[in-house]
Amino acid sequence: MHTDLNNLKTEAAPNPLLAKESISISKELRVLAADGDQCLLQSTKLFCPINSTRNTFSSSNCLCAYIIQSISTSQFIMDSIHFFGNIIVSFPVLILLWNTPSEAQLSPSFYSNTCPNALATIRTSIRQAVSRERRMAASLIRLHFHDCFVQGCDASILLDETPSIQSEKTAFPNINSVRGFEVIEAAKREVEKICPGVVSCADILAVAARDASAAVGGPSWNVKLGRRDSTTASRSVANTDLPSPFSDLSTLISAFANKGLSARDMVALSGSHTLGQSQCFLFRNRIYSNGTDIDAGFASTRRRQCPSNSGDSNLAALDLVTPNSFDNNYFKNLMQRKGLLQTDQVLFSGGSTDSIVSEYSRNPRTFLSDFGNSMIKMGDIEPLTGQNGIIRRICSAIN
C-alpha cells in the first residue's frame, strides 16, 4: 500500500497527545513523536528508528513505515504529520515516507545559500579558457557527455589512475581524445577559494558545458545542481557504453535509449558536432569508401589532410563551414552528404531520424531549444545526491 502524501487530507485531533519532542524532517515536513522515537529523513537516506533500533535504507526508493494501531501511554504515539504546511494525518494510520528519485533533488538554486558566487566564478573561468582556445568549447561539452554516459553524471571521468581505480581516461573512446581536464581543475580551484568543499566536480562539469556553449554563440540553459562526486570510475563501462563513431543508426538509438534519451535527444545532442575536430583515423574509412552516402568533393577535400595510410592524429573540423560557431550548419551538411563521421551521416541516410535532421536544418531556433533541453535531460542521468558520493577537493583524485 502506498500513501500519496501530496493528496492525503485527514482531520486532526484538536490537541496533540503525549507529544514530547518535535523533530524537523526535510524542509517543511515535521513529525511530533513520543518517548524518544523518531523518523528522520536526511536527503537520500532514511533513518527509521523503530523500538530504539535504527535501520538504514539507502535505495533511492526506500520507505519508512510506522504502523500505529492504537493509543496507549505505553505505546509509541504519533499525533500528526504536517507535510508542506497543510497535510495533517492522525492515528491510527499507516504512514509511509519515501524520498523522490535522485534527479528530482537537483535544483538550479542548489548553491544559492552555500556558495552564491559559484556560477559566476565558473563562468569566468570557462570564458577565459574558450577565449584562449575556441576548440575548447566543443571539448568541454564532450567531456560532460562522456562523463554522464558512464555510471551517471558523477565526474568519474576526471579521476586519474590509481592502484584501486581504473581511470576512464584510458578507455578506448577517451584515450588521446577527450580533453579539457585542466580547464575543469582550474575552475574547481577558483571555486574552492571562495567555497571550499561545497561545489562538486560533477556540477562544475555540467555548468562548464553550458557556459562553453554560450561562449561560442550556442544556447544557454538552467543547469540543475546538487550532484556529488563518485569515488570510483569504470574503464570497462566506458568501453561499452560510450557510442562508437562507427555505429549504425539502430545501435546509436539503443545506446541513447539505455540512458533514458530519445532519438530526438540523440539528434539534438549530435548537433554539438557543429563545433570541434576529429582525428583522421576516425573518418578515414568513410572518406576513402567511394560510397553513395558521401559527397565526392567533400571526400576529396578531407583526403588532403588524411592520407590513406598515415596521419592518424591529423585533425579535421566536424563542420567544414562554420567550425567555431554553434549553429545549425551541421544539419545542413548532413543533408548534403557532408557528415565527417559515420555516426554523423547515419542521422540522415534514409532512416527514422531524417525528418529531425531536416527540421533542425530549417529551424535553428528549434535546434537550439531542443539542444538545451536534451542537455538538461542528459545531466539527469544517475546523479549521486544527498549522502551518496563525496565533494572532491581536487577533481582528479579522491579526498
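The backbone N, Cα and C atoms fix where each Cβ goes, and this holds for glycine too.
Unlike curated records, TrEMBL annotations are generated automatically.
Quantities reported herein were computed from a predicted structural model and do not represent experimental measurements.
Here TrEMBL flags 105-399 as domain 'Plant heme peroxidase family profile'.
Around the Cβ of C115 (disulfide bond), the number of neighbouring Cβ atoms within 10 Å comes to 18. The annotation disulfide bond is assigned in TrEMBL to C115-C195 (among others).
Annotated site 'Transition state stabilizer' per TrEMBL: R142, in sequence order.
As annotated by TrEMBL, active site, proton acceptor applies to H146. Note on H146 (active site, proton acceptor): other Cβ atoms within 10 Å of its Cβ, all shown chains, come to 22.
Summarising the annotation, TrEMBL assigns Ca(2+) 1 binding site to D147, V150, G152, D154, S156, E168.
As annotated by TrEMBL, disulfide bond applies to C148-C153 (among others). Taking Cβ-Cβ distances under 8 Å and a sequence separation of 6 or more, the neighbours of C148 (disulfide bond) in its chain are K259, M378, G379, I381.
The disulfide bond annotation in TrEMBL covers C201-C395 (among others). Around C201 (disulfide bond), taking its Cβ as the centre, 30 other Cβ atoms fall within 10 Å, counting all chains.
Residues annotated as substrate binding site in TrEMBL: P243.
Around H273 (heme b binding site), the same-chain residues at least 6 positions away in sequence with a Cβ under 8 Å from its Cβ are L318, D319, Y330, L340, L341, D344. What TrEMBL records for H273 is heme b binding site.
Among the features that TrEMBL reports, disulfide bond is placed at C280-C306 (among others). Neighbour count (other Cβ atoms within 10 Å of the Cβ, all protein chains): 23 for C306 (disulfide bond).
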Query raised in the report: Over the domain 'Plant heme peroxidase family profile' (105-399), what does the predicted model average in pLDDT?
Result: 97
Requested in this report: Would you list, in sequence order, the disulfide-bonded residues among C115, C153, C195 whose CA lies within 10 Å of the CA of H146 (active site, proton acceptor)?
Outcome: C153
Report summary line: By a 10 Å Cβ neighbour count, the lowest-scoring of the disulfide-bonded residues C153, C195, C395 is C195
Query - Spatially closest candidate among C153, D154, C195, P243, the listed recorded positions, to C201 (disulfide bond) (Cα to Cα) - result: D154
Query raised in the report: Which entry in the list of binding-site residues, G152, P243, has its Cβ near the fewest other Cβ atoms, using 10 Å as the limit?
Result: P243
